[in-house]
Amino acid sequence: MMLEHVLVLSAYLFSIGIYGLITSRNMVRALMCLELILNSVNINFVTFSDIFDNRQLRGDIFSIFVIAIAAAEAAIGPAIISSIYRNRKSTRINQSNLLNK
Amino acid sequence: MFVRDQTSEILKVFALLCTVLVFIYARPYLLDRKQYAGEFYTLMIFATIGVMLLVSAGNLVMIYLGLELLTLSSYALVALNRDSSLSSEAAIKYFVLGALSSGMLLYGMSMVYGATGTLDLAQLHAAVPQSAMPHLLVFGLIFMLVGIAFKLGAAPFHMWIPDVYQGASTPVTTFIASTSKLAAFGMAWRLLETGLGDLSQHWQPMLAAVAVLSMAIGNLVAIVQTNLKRMLAYSTISHMGYLLVGLVNAGPEGYASAMFYAISYALMSTVAFGVILALARAGFECEEIADLKGLNQRSPWFAALMALAMFSLAGVPPLFGFYAKYLVLQAAIDAHMLWLALTGAVFAIIGLYYYLHVVKVMYFDKPVEGGADQSTPDTSLRVVLSINALALLVLGVYWGPLLGWCRRSFGLG
């Protein structure tokens, strides 16, 4: 009973994250939605690990790796954004028009 | 957790070879532009470590870690050219799309973990047929296919490839085109065969559809390109379609042909981008096809090398690319998918146009003032590039040993 509820919660968070990542004009907001996506996956892993893998907790361990990688991406993302800001003085994501076709 | 079999050894050998080629080709380019910094080499070595971990993965955690090490280093490499808005824009596009696809891959992995209770690929192979939740498995498989198709650069997840190839500086593009594609093949094989082999009746039609779409979009959109790097990017998309045709076979013959194709593509693209690097000089990027006009009259040896690369990419016998395409289409016919092989053949013929267009521009157009002129005086680049290009000719005629090595690693004679 509880399993489906948690899976639905993480599916909602995943969808909100994807929607925000695709449609936000501010690049920092896009990064926040990326974190939301990765954390929804973490909820999934932890729940499955609790229900199916009580002894070895493989899902929990994978979650910790995902948290570490998310932190690394959260370091690279703003670095790229600050590089764009230095070149363009703005962080609107719909101003990217140098590369088209 | 970490698997050491023949497949991983072949892929690692060629990944390291391509990285060495990138280092040799990149040096004069970076020196000319004052970008000869330690970060370039460090990031590329980190990315190569990621490639080596990814192709040796025996566990879903290992796949994710190797993949992320490769892609995070690639994001930084694309953005390394700080003063160019083009590079920064390509980097943010790559980052957003790459992070999205990593999220999808992870979501699929979590579903597969939930359906089988294990993360180890060998245990997955055993647990998949007797899973209590087959719908969850297929659901997870679809998300994982999104991640795999993105990394390979297959349509409809291909939008990052033209932007990154054009926006990144050319040595980084060479790296992404060669080593990264070998890693993508390794990841695809590990996930789809070692992990989820029993679900092959589910992922075969999906991959076939992705392959047809990639061949179509790659070949058709490359025709209208005027930028050489962007044209090579769209041709990459079509080549990845052919690689997926080999994977669709879902048998050892298909996997061997797909690996042979991945290796051939990596070597061909190092030649193509290596010639671009050899012809670039301070203040001049040899990026547009119009820059190559009349190259035969100014620098005939490099025009010949570029022609070798173009003919090999197009799949003209007796070059390397031809036999790779032949093997892949043969694998499609063996899997009773004649329509896929015919589609591949038709798009290969359509694809001949833009490769021959480059050859025509080099040999039959008059040279212009600001175009490609003398090649770089760096001897190591010239020698290694010549060996690389002649290898396309030699391997096209003498493909036996390499093909035998690929086939043995999948258990065939």
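Every residue, even glycine, has its Cβ placed from backbone N, Cα and C.
Unlike curated entries, TrEMBL annotations are predicted automatically.
The domain 'NADH:quinone oxidoreductase/Mrp antiporter transmembrane' annotation in TrEMBL covers B:57-350.
Long-range Cβ contacts of the transmembrane segment (B:6-26) within its own chain (Cβ-Cβ under 8 Å, at least 6 residues beyond either end) map to 40-41, 44-45, 48, 51-52, 55-56, 171, 174-175, 178-179, 182-183, 185-186, 189, 259, 262-263, 266-267, 270, 273-274, 277-278, 380-381, 384-385, 388, 405-406, 408-410. Here TrEMBL flags B:6-26 (among others) as transmembrane segment.
Under the heading transmembrane segment, TrEMBL lists B:92-116 (among others). Among residues of the same chain six or more beyond the transmembrane segment (B:92-116), those with a C-beta under 8 A of the stretch's C-beta atoms are 60, 64, 67-68, 71, 74-75, 78, 123-124, 127-128, 131-134, 136-137, 139-148, 150-151, 157, 159-160, 163-164, 167, 195-196.
As annotated by TrEMBL, transmembrane segment applies to B:136-160 (among others).
What TrEMBL lists as transmembrane segment is B:172-191 (among others). When Cβ-Cβ distances below 8 Å are used as the criterion, the transmembrane segment (B:172-191) is approached by residues 7-8, 11, 14-15, 18-19, 21-22, 25-26, 44, 47-48, 50-51, 54-55, 57, 63, 66-67, 70, 74, 77-78, 80, 121, 144, 148, 151-153, 164-165, 229, 232, 236, 240, 243, 247, 255, 258-259, 262-263, 265-267, 269-270, 273-274, 277 of the same chain, each at least six residues removed from its ends.
Feature annotation from TrEMBL assigns transmembrane segment to B:203-224 (among others).
The transmembrane segment annotation in TrEMBL covers B:231-252 (among others). Within its own chain, the transmembrane segment (B:231-252) has Cβ neighbours under 8 Å at 152-155, 158, 161-162, 164-166, 177, 181, 184-185, 188-189, 192-193, 197, 200, 204, 207-208, 210-219, 221-222, 225, 258, 261-262, 265, 269, 272-273, 289, 313, 324-325, 327-329, 331-332, 334-335, 337, 340-341, 344, 347-348, 351, 354-355, 358, 407, 410-412, counting only residues six or more beyond its boundaries.
Annotation comment: TrEMBL describes B:258-280 (among others) as transmembrane segment. Here the transmembrane segment (B:258-280) has long-range neighbours at 7, 10-11, 14, 18, 21-22, 25-26, 28-29, 32, 170-171, 173-174, 177-179, 181-182, 185, 189, 228-229, 232, 236, 239, 242-244, 246-247, 249, 286-287, 291-292, 295, 299, 302, 305-306, 308-310, 312-313, 320-321, 323-325, 327-328, 331, 372-373, 375-376, 381-382, 385, 388-389, 391-392, 395, 399, 402-403, 406, 409-410, meaning same-chain residues at least 6 beyond its ends whose C-beta is under 8 angstroms from one of its own.
According to TrEMBL, the transmembrane segment annotation covers B:301-324 (among others). Listed by sequence, the residues of this chain that lie at least six past the ends of the transmembrane segment (B:301-324) yet keep a Cβ under 8 A from its Cβ atoms are 235, 239, 242, 257, 260-261, 264-265, 267-269, 271-272, 275, 278-279, 292, 295, 348, 351-352, 355-356, 358-359, 362-363, 375, 385-386, 389-393, 395-397, 399, 403.
According to TrEMBL, the feature transmembrane segment maps to B:336-356 (among others). Below 8 angstroms of C-beta separation, residues 208, 211-212, 215-216, 218-220, 222-223, 225, 231, 235, 238, 241-242, 245, 248, 310-311, 313-316, 325, 328-330 of the same chain, each at least six residues beyond the ends of the transmembrane segment (B:336-356), sit close to that stretch.
What TrEMBL lists as transmembrane segment is B:383-400 (among others). Proximity of distant same-chain residues to the transmembrane segment (B:383-400), defined by a Cβ-Cβ separation under 8 Å and at least 6 residues beyond the stretch ends, is recorded for 21, 24-25, 260, 264, 267-268, 270-271, 274-275, 278, 301, 305, 308-309, 312, 317-323.
Only residues 6 or more beyond the boundaries of the transmembrane segment (B:203-224), in the same chain, are considered here, and those with a CB under 8 A from a CB of the stretch are 141-142, 145, 149, 153-156, 158, 192, 196, 231, 234-242, 244-245, 247-248, 250, 335, 337, 340, 343-344, 347-348, 350-351, 353-354.
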